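Here is the structure we will look at, set down as structure tokens.
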Amino acid sequence: MLRLKNDRFIRALLRQPVDRTPVWIMRQAGRYLPEYRQLREKVPNFMAFCKTPELACEATLQPLRRFPLDAAIIFSDILTIPDAMGVDLHIAPTVGPVIRNPVRSAQDVNRLQMPAVEEALSYLFDAIRLAVKALDHRVPLIGFAGSPWTLACYMTEGQSSKTFLTARAMLYQQPDVFHTLLQKLTTLTIAYLNAQIKAGADVVMLFDTWGGLLTPSLYRQFSLDYLSQIAAEVVRQKNGRKIPLIFFTKNGGQWLESIANSGCDAVGLDWTTDIGQARRRVGDRVALQGNLDPAILLSNPESISTAAVDILKSYGQGSGHVFNLGHGIDPSTPIENVAALVEAVQNFSIKNEEPINSYYR
């Protein structure tokens, strides 16, 4: 098994020594890149684009040609699993995801398909294999999925929402039905992530984008318990190498200790949590990822550099930190501001030199 030329990201996730803080950016492959917008012109339909392995691979690689990032993330969408289950998914250009047959009853849940993941989502695994080959062991490749709760939000609401009131109401009105839906999603998510690892993903991440909408009690019952189940059943070693698992719950700072105890290797933070305080709260249980406010990337390089350094100082010395945004990059972000961010993180965080590929031996 060939080792990665740059395993800084994985070492930080496992809280092993690194020469500097690794950096990557959520949604680093996307609309802020002019070359991505040009690529999308070939296949305007978003899901059709995701289902074309060669295009998904190219989108994955594009940000690494511009910026010296420490990881690639496969280009895809969290709604691939609901799509494979038979919901009528449409991505509207100005609206976002729309599900024309929302899941709102026991009958709706029972009608959902439970496909063989490696067949139904083979396009994603083909894209991973292409990306692994193209990366040629330069940096790790991240695979990902949406959390069961977040996927269920879209499936029950029928579209994106700031509140997901329909989904939240169902938790009170039909809790057993909702648990059945979540268990189906959990079963498929485990198979999905394991198939991504089999195809070549070095790290996997779960995006619990809407977990922060829940009460503390409901968060544990309807989100965290299912995340813990995934952590227990996802492959964590392959060919003698550890496969780190990252959990990201937006607005989940109040439950940081519980998330840290859920079985993941690293916890993603949004920008509303102080990373220094977060480090003190979790101790040496998990690594932390984050957590620059994406809005600052719409300002200027000087402000961006200052804010990035503030986060690095707040975290302090030692490993266990992966620099990232607190959520996905905004499509209107200027390219030069992304470059300024990456440069600031790299220049400030350089530590005592040591071999960065010593983990994969």
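Every residue, even glycine, has its Cβ placed from backbone N, Cα and C.
Listed in sequence order, Gly328, Ile329 are the same-chain residues at least 6 apart in sequence whose CB falls under 8 Å from the CB of Arg27 (substrate binding site). Marked as substrate binding site by Swiss-Prot on the basis of sequence analysis: Arg27, Gln28, Ala29, Gly30, Arg31, Asp77, Tyr154, Thr209, His327.
Under the heading site 'Transition state stabilizer', Swiss-Prot lists Asp77. Taking a C-beta cut-off of under 8 angstroms and a sequence separation of 6 or more, Asp77 (site 'Transition state stabilizer') has the following same-chain neighbours: Phe46, Met47, Cys50, Ile91. In the three-state DSSP assignment, the secondary structure recorded for Asp77 (site 'Transition state stabilizer') is coil.
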Mind giving me a neighbour count for Ala29 (substrate binding site)? Other Cβ atoms within 10 Å of its Cβ, every protein chain shown.
23
Count of other CB atoms lying within 10 Å of the CB belonging to Arg31 (substrate binding site):
14
Just checking, which of Tyr154, His327 (binding-site residues) has the fewest C-beta atoms within 10 Å of its C-beta?
His327
Is Tyr154 (substrate binding site) helix, strand or coil when read with DSSP?
helix
